[in-house]
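**Q** Supplied in structure tokens, the structure appears directly below.
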Amino acid sequence: MKETRGDGGSAPFCTRLNHSYPGMWAPEARGNLTRPPGPGEDCGSVSVAFPITMLITGFVGNALAMLLVSRSYRRRESKRKKSFLLCIGWLALTDLVGQLLTSPVVILVYLSKQRWEQLDPSGRLCTFFGLTMTVFGLSSLFIASAMAVERALAIRAPHWYASHMKTRATRAVLLGVWLAVLAFALLPVLGVGQYTIQWPGTWCFISTGRGDNGTSSSHNWGNLFFASTFAFLGLLALAITFTCNLATIKALVSRCRAKAAASQSSAQWGRITTETAIQLMGIMCVLSVCWSPLLIMMLKMIFNQTSVEHCKTDTGKQKECNFFLIAVRLASLNQILDPWVYLLLRKILLRKFCQVIHENNEQKDEIQRENRNVSHSGQHEEARDSEKSKTIPGLFSILLQADPGARPYQQ
């Protein structure tokens with residue numbers, strides 16, 4: 001196995017703890033906490049409250065999502081509807097396990113007030129941490145892609161979905177995603193790529209540089225291959241998710257227009273389409289904000305043949321190094337936001353938001369109809385009262401019989 005420490009037992013990049021906690025992505029701890037920081041060493045205030053808060057927040061959200069999915073899964077009679085629940089449950093489990101494997105290490109390093117090299121002289125902890133970040137980071141992205149594909153098939157090809165998309169197939173796909181990502185993350189253990197200590201010397205991740213002068217050419221190209229493959233795989237997962245979600249939204253809008261033309265519960269379908277589109281767009285926004293900065297900056301550093309390891313000696317790169325650290329922290333937020341975006345906020349926030357939108361739209365439409373045809377104002381009033389008396393359905397509640405989320409989750 002290749003050496004996993006960034007620079008052996010040399011001095012840390014930053015001798016003070018950084019004040020921010022990037023979730024599962026950074027065991028931020030450094031000692032000497034007592035001496036004043038030197039030039040370029042001021043990394044912020046020290047507080048163990050950040051990793052503890054992130055751990056509690058992520059644990060509560062993902063555990064609650066798993067509980068709701070478990071209860072809903074047992075109630076489902078249709079096997080086709082269980083596929084969507086399996087995807088959400090697997091995503092919550094992935095995020096939760098990722099936090100439980102890394103956050104305790106973060107807190108331990110915080111409390112120990114020691115350098116990374118002192119806690120991990122062999123480099124094995126660095127390898128474990130980098131491998132864990134890679135596995136659970138890519139797994140979350142590709143599980144989100146699998147969910148997007150599943151939704152698109154349920155909406156655009158309901159008959160094929162009903163006959164081919166079984167619960168067993170869903171389990172096989174999810175397990176295959178996890179095993180494939182694990183095999184990829186093990187490449188540095190086999191000598192292809194490297195997990196190294198990153199700026200400010202408080203976390204381990206994939207090396208994007210060519211290594212030291214003494215490293216071999218094959219080793220350098222192995223680092224570049226592994227890092228670039230990780231970035232391209234992440235961008236591929238985002239592209240799949242975006243494409244499938246946009247296709248789903250387009251299909252829903254087309255179906256809503258068809259229902260409106262046929263006068264088949266057009267108001268109800270309009271609410272469902274709006275609610276669904278808001279959630280899918282929210283998913284895309286969260287994934288973009290959380291992952292795009294990290295993946296794009298990794299590719300930029302690979303093409304420029306640089307890495308955050310140069311921050312130790314080049315103080316002129318502090319802005320770039322700090323931006324990379326922010327990008328890592330944004331990526332770590334994804335595992336905390338996932339259960340809320342996919343499940344929990346669906347009933348808490350989306351329905352109220354859609355109610356406000358449709359009430360405003362109905363008022364505008366009513367005014368326009370009354371201006372066009374005053375003689376039928378009485379009929380318009382009855383139609384408006386009838387629409388208000390209806391209960392707004394949950395997300396994916398009457399989209400298709402093959403839709404896996406056909407009714408809102410009940411608590």
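Glycine residues also receive a Cβ, built from the backbone N, Cα and C atoms like all the rest.
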**Q** From Asn32, Asn373, name the one Swiss-Prot lists as N-linked glycosylation site.
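**A** Per Swiss-Prot, the residue annotated as N-linked glycosylation site is Asn32.
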**Q** Can you check whether Swiss-Prot puts Val48 on the same side of the membrane as Gln318?
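**A** Taking the topological domain names from Swiss-Prot at face value, Val48 sits on the side where Gln318 is.
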**Q** In Swiss-Prot, Cys126 is disulphide-linked to which residue out of Cys87, Cys204?
**A** Cys204
**Q** From Asn213, Asn304, pick the one Swiss-Prot annotates as N-linked glycosylation site?
**A** Asn213
**Q** Please count the residues of the topological domain 'Cytoplasmic' (150-171) that DSSP assigns to helix (H, G, I), strand (E, B) and coil.
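**A** Counts, helix then strand then coil: 19 helix, 0 strand, 3 coil.
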**Q** Taking the transmembrane segment (280-303) as reference, which of 88-108, 128-149, 172-193, 224-249, 324-345 has the most Cβ pairs under 8 angstroms?
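**A** Selected stretch: 224-249, with the most Cβ pairs under 8 Å.
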**Q** Quiz question: given the disulfide-bonded residues Cys126, Cys204, which has the greatest number of C-beta atoms lying within 10 angstroms of its own C-beta?
**A** Cys204
**Q** Mind pulling out the one from 88-108, 128-149, 172-193, 324-345 with the most Cβ pairs under 8 angstroms to the transmembrane segment (224-249)?
**A** 128-149
